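Undergrad: Quick one: the structure is below, and I'll ask about it shortly.
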Amino acid sequence: MKILVCISHVPDTTSKINFTDNNETFDTNGVQFVINPYDEFCLTRAMWFKEKQGATVTVVNVGEANTEPTLRKALAIGADDAIRVNINPTDGFLVAKELAAIVKNGGYDLVLAGKESADYNGQMVPGMLASLSNFNFINGCVGLEIEGENITAVREIDGGNETVSSSLPIVIGGQKGIVEEKDLRIPNMRGIMMARKKPLNVLEATSSEAKTTTKSFEKPAPKGAVKLVDADNLDDLINLLHNEAKVI
Amino acid sequence: MSVLVFADSTDGKFKKTAFEVVSYGKKLAEQLSTNLVVLTINATDASQLFTYGAEKVLTVSNDTLATFNAKAYASVIKQAADASNANVVVVDSSINGLYVAPLVAVALNAGYASNVVAAPSNTSPFTVKRKAFSNKAFSNTVISTENKVVGVAKNSFGVHENSVEGTLENLEVTISEEDLGVKSEKIDKVTGKVTIADAEIVVSAGRGLKGPENWGMIEELADVLGAATACSKPVSDLGWRPHSEHVGQTGKPVASNLYIAIGISGAIQHLAGINASKVKVVINTDPEAPFFKAADYGIVGDAFEVVPKLIEKMKAFKAS
Ligand SMILES: Cc1cc2nc3c(=O)[nH]c(=O)nc-3n(C[C@H](O)[C@H](O)[C@H](O)COP(=O)(O)OP(=O)(O)OC[C@H]3O[C@@H](n4cnc5c(N)ncnc54)[C@H](O)[C@@H]3O)c2cc1C
Ligand SMILES: Nc1ncnc2c1ncn2[C@@H]1O[C@H](COP(=O)(O)O)[C@@H](O)[C@H]1O
């Protein structure tokens, strides 16, 4: 099995989000970047396939040179090699198209991606990639087993789970559950040393076909101060929720 | 030209998000001076959508579509878009909506904007406001292609009544073997419980409750309010509550009308997932807890004293 894990490079969740250039550009000053949390779960699942079922694992990012430390981290966790497609990932379709070219040329049969990236929260790349590659697609995946060509997976649905079956080749949109948090791999010293010698190939983009553009960003309007209600006067709370907020 | 809305249903029944996307589609059709067409698949009573402005409803009844299948549904939406000459398709942000939308976008060679929170601020260029950076910001995105797919964030545009005399029209579709590449084997659902995704009100509790044995009052409060129960991440990690109740950045997103947080400190990762809720109430012993900065209403107090009293007050309110 040839596995491709799609890694998006996102601000750590505690980062302060600010914008510059008239709110046109995300201000990366002082922001710590990490592997997108959902992608980390997928990468760990890929390592299990590698160790137990003899798969090879490539990680890929569509992005500029500043994302390389994130790819090195994925190599330190255990991926065999890395690919960076050198273009600013301004739009989900553009990213999916570049990834589809990698999938086709590399002959991958299992593509693991996160359900959602924590930056633009597009929730679009995995589905688009599956369609462009004409692969099967399971989203919101919280359990995955593959024997030969046959796939059994569990996906989250409203109020429960659905067990589905399918076959390779496939794109999986994964989340916590595909492995548990306690299973997540952290790079160790040996991994970090080895990662330095592993190949990180930089490819030029094949096209730059964006279908959307971000014109500007804005922050939510500042919230008014909290209204405190006395613990001994809960009628006030009920009154506020009923008459002011109109939510009960 | 027209606007096509996909109004999803489960076991034949529409969720609130279906009414919300139809309301959105109505507004969009007005802005674009065009007509609105709504697609339903195996819905029991499609005429319910007339209330929200659906002038024309296409109904598909097909046994192979009895359980949701993203690829097959995407193919049906594409066929409906072709049949109604639509160049804007609107879907909701339910688990299924988010699953199918990117496939529809590729099929229609359309630009796709997800998690959209309002009607377009401009129709030329077509500009929509979307959630970004885990609810910490919004982006104003232009879709530059002829065909467009808009994913509407839950509980953002709202449900608006706008009754019309609509028509129902059956749509015949073809589904290929290849569309059914992912097969449903088994569905496990908790029945009789309000789900976090559907709930108007969510009652959520954190580590401040000390142990799983204390959740009786949380469930009772939720019961009185017809609410879903939720919890912070450490609570599900400790096994006090099931993982399906974990909300926040790495758990389920919440976009309810009312979110009541009991014994939850309000860490940034928790808030990131529940920020989209309209009104937030916090009950916490510590007046310095960060949740007080994010909440609309707050009670500084001990949950073990406040919650039982609140249950009695809510019962009295409901009975009045
Ligand atoms: C990458 C990452 C992702 C994360 N994702 C999530 C996520 O998705 N969801 C999430 O929730 N967390 C998440 N976290 C964890 C988050 O940072 C916090 O640790 C967590 O939300 C704290 O949970 P808590 O508020 O229940 O517990 P605590 O922080 O321990 O807070 C308990 C609160 O209860 C109050 N309290 C104590 N006794 C009482 C009483 N008798 N009555 C009333 N109040 C009382 C205390 O004053 C305190 O404010 C994530 C962390 C990381 C690093
Ligand atoms: N620039 C990128 N490079 C590689 N993979 C990406 C990129 N952007 C998104 N992905 C993958 O697609 C998933 C969903 O991202 P998104 O559609 O942006 O929410 C992520 O979790 C990644 O696995």
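Cβ atoms are placed via backbone N, Cα and C, with glycine included.
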Undergrad: Looking at the FAD binding annotation from TrEMBL, with B:Gly263, B:Ile264, B:Ser265, B:Gly266, B:Ala267, B:Ile268, B:Gln269, B:His270, B:Asn284 already listed, which candidate in B:Arg207, B:Arg241 is the matching residue?
TA: B:Arg207
Undergrad: Which ones, of the binding-site residues B:Arg207, B:Ile264, B:Gly266, B:His270, are Cβ-proximal to chain A (under 8 Å)?
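TA: Correct list: none.
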Undergrad: Within a 10 Å radius around the Cβ, which one of these binding-site residues has the most neighbouring Cβ atoms: B:Ile264, B:Ile268?
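TA: By the 10 Å Cβ neighbour count, B:Ile264 comes out on top.
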Undergrad: By the count of other Cβ atoms within 10 Å, pick out the sparsest of the binding-site residues B:Arg207, B:His270.
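TA: Selected from the binding-site residues B:Arg207, B:His270 on minimum Cβ neighbours within 10 Å: B:Arg207.
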Undergrad: Compare all C-alpha positions of B:Arg207, B:Gly263, B:Ile264, B:Ser265, B:Gly266, B:Ala267, B:Ile268, B:Gln269, B:His270, B:Asn284, the record's FAD binders, and send over the largest distance in angstrom.
TA: 18
